[in-house]
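**Q** First the structure, then my questions, so here it is.
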Amino acid sequence: MKIKNICCIGAGYVGGPTMAVIAKQCPQIIITVVDINPERINAWNDKNLENLPVFEPSLAEIVNKTRGENLFFSTDIERAIDEAEMIFISVNTPTKTYGKGKGMAADLKYIELCARQIAKVAKQDKIIVEKSTLPVRTAEALKSILDNTGNGVNFQILSNPEFLAEGTAVQDLLNPDRVLIGGDVGSNDGNEAIDALVDIYANWVPKERILTTKVWSSELSKLTANAFLAQRVSSINSISELCEKTGADVNEVAKAIGMDSRIGPKFLNASVGFGGSCFQKDILNLVYIAKSYGLNEVADYWEQVILINEHQKNRFSNKIVSTLYNTVSGKKITFLGWAFKKDTNDTRESAAIKVANNLLNEQALISVYDPKVTEERIYADLDYLNSRSEEENRALLKVDNNPYEVCENAHAIAVLTEWDEFKTYNWQQIYDDMQKPAFIFDGRGILDMEYLKTIGFECYTIGKG
Ligand SMILES: NC(=O)c1ccc[n+]([C@@H]2O[C@H](COP(=O)([O-])OP(=O)(O)OC[C@H]3O[C@@H](n4cnc5c(N)ncnc54)[C@H](O)[C@@H]3O)[C@@H](O)[C@H]2O)c1
Ligand SMILES: O=c1ccn([C@@H]2O[C@H](COP(=O)(O)OP(=O)(O)O[C@H]3O[C@H](CO)[C@@H](O)[C@H](O)[C@H]3O)[C@@H](O)[C@H]2O)c(=O)[nH]1
């Protein structure tokens, strides 16, 4: 079966870039990305490409080329569902904030709403593709809703988890390490559905990189991949603390172990802690699933990855306070970076939020500069914590869009995101305009500390004794 019309429900960080790349690589397929949030859809349709809701290198060029040709963004969800032969579900699956599994399990209410809407509208057979990250065996629940509430049409459910990382989304989508497709491999209809999705990816992904599995393996592989990646970050971060005590250098340790081909060099950058919308949420979900099967040792093992990450963020803010003579009350501390990593405007679970909150609890005055994150977003992140009133957050934390002004009169600078531009600043000028001693805390290990010391900065880098 050759797919000619695709609908993607959810126009977020995954739905938008993923569909833009499929549209670019498959001009023969019409793709409509729909969302319940009209502001998001308007932003995707904005003539000014600067206003797209997701910033990713090269994304605007691809949207510019495909939008209005074979890529469409719309709020008319029913129509898009009706017209599509294949529907990707790419809605958010955040950690539950209420009820059973609160703070651990994935909240599947948005997924269920999608399933019910598809069931209501669909009048012809459809292939449903889970693009969102879901707990293992969600496909079963989806199938039950679709079959029991639908109009008697046949639904095939595939799991096709997305492995793109933000900041490199377009590159990752164009050149994925692998594409994973789980389906009902035991039935003809299941295999036909799998083949239809394989055919789409085969337009640009070499066949040997398209892996087909049972649905459950595919769903669980996504959670497992994120758990392994985050585990590497927590492992090196735990060693960073030991480096600081012993005089070892975490970069040297990372290089030395990474040259072992069994370990490999990637994902060994010590940092102020991992952020992003996925790692924490997906590991908590894995822990919850393990517990729900009574596998307490398995759950405890993975939970430790999160605990080390919390510790690393707290350790960084504690270091700032202790270095600044045990008080930051009334002192200006400048944050360079707020996004959870460079080359994205996404701030979900960014380490900067937790570090800021800790320092605000100590009555610090924080000023933030990030090249891509808006003031509105930064305040929304802080307000969401409910630690203090909105007025207090605005009084204690300021946002500045000039990197030099934001550092003026600061007692300390903290680097929270590894944006490349921070490396090329005129650090002498920044030093001259700061309070003395001028402290700098590099939470990302990107600055040339030897050079900064010659200027006169008092320097701290994570993992350097
Ligand atoms: N962000 C990433 O880098 C990434 C990578 C791989 C996988 N994932 C997974 O992909 C999924 C989506 O993540 P995201 O970052 O794109 O989330 P997001 O919050 O950016 O986007 C989700 C969108 O879905 C919309 N939505 C929710 N319910 C809807 C409904 N019933 N009908 C129509 N639209 C609806 C929301 O309005 C929102 O715009 C999650 O499961 C996530 O774990 C994310
Ligand atoms: O050596 C490293 C590597 C990463 N990080 C941090 O870890 C977080 C996550 O980074 P990254 O994995 O690059 O970005 P994400 O967009 O969160 O991507 C992860 O989460 C996605 C959502 O599930 C998956 O699709 C990707 O494969 C997976 O890498 C960020 O805060 C990074 O700064 C480190 O501190 N040190």
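Each Cβ is built from the backbone N, Cα and C atoms, and glycine gets one as well.
Features from TrEMBL:
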ACT_SITE  CYS278  active site, nucleophile
BINDING   10-15, ASP35, ARG40, 91-95, 132-133, GLU166, 278-281, ARG348  NAD(+) binding site
DOMAIN    334-449  domain 'UDP-glucose/GDP-mannose dehydrogenase C-terminal'
**Q** Would you mind sorting out which binding-site residues among ASN92, THR95, GLU166, GLN280 put a C-beta under 6 angstroms from ligand 1?
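**A** If the test is a Cβ under 6 Å from any atom of ligand 1, the answer is ASN92, GLU166.
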**Q** Which binding-site residues out of TYR13, THR95, GLU166 lie by ligand 2, going by a Cβ under 6 Å?
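**A** Only GLU166 qualify.
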**Q** Please report the DSSP secondary structure of GLN280 (NAD(+) binding site), reduced to three states.
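**A** In three-state terms, GLN280 (NAD(+) binding site) counts as helix.
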**Q** How many helix, strand and coil residues does the domain 'UDP-glucose/GDP-mannose dehydrogenase C-terminal' (334-449) contain under DSSP?
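**A** Counting residues per DSSP class in the domain 'UDP-glucose/GDP-mannose dehydrogenase C-terminal' (334-449), I get 44 helix, 19 strand, 53 coil.
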**Q** How many whole Å apart are the CA atoms of TYR13 (NAD(+) binding site) and CYS278 (active site, nucleophile)?
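**A** About 11 Å separates the two Cα atoms.
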**Q** As a test of the contact definition, list every same-chain residue at least 6 positions from CYS278 (active site, nucleophile) whose Cβ is closer than 8 Å to its Cβ.
**A** THR133, ASN226
**Q** I'd like to know the mean pLDDT over the domain 'UDP-glucose/GDP-mannose dehydrogenase C-terminal' (334-449).
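**A** Averaged over the domain 'UDP-glucose/GDP-mannose dehydrogenase C-terminal' (334-449), per-residue pLDDT gives 98.
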**Q** Taking only same-chain residues 6+ apart in sequence, whose CB is under 8 Å from that of ASN92 (NAD(+) binding site), what do you get?
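**A** Expected: GLY10, GLY12, TYR110, SER132, SER277.
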**Q** If you count Cβ atoms within 10 Å of the Cβ of GLU166 (NAD(+) binding site), leaving out that atom itself, what do you get?
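**A** Total other Cβ atoms inside 10 Å, all chains included: 24.
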**Q** Validating a neighbour-count step here. Other CB atoms within 10 A of the CB of ASP35 (NAD(+) binding site): how many?
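**A** That number is 23.
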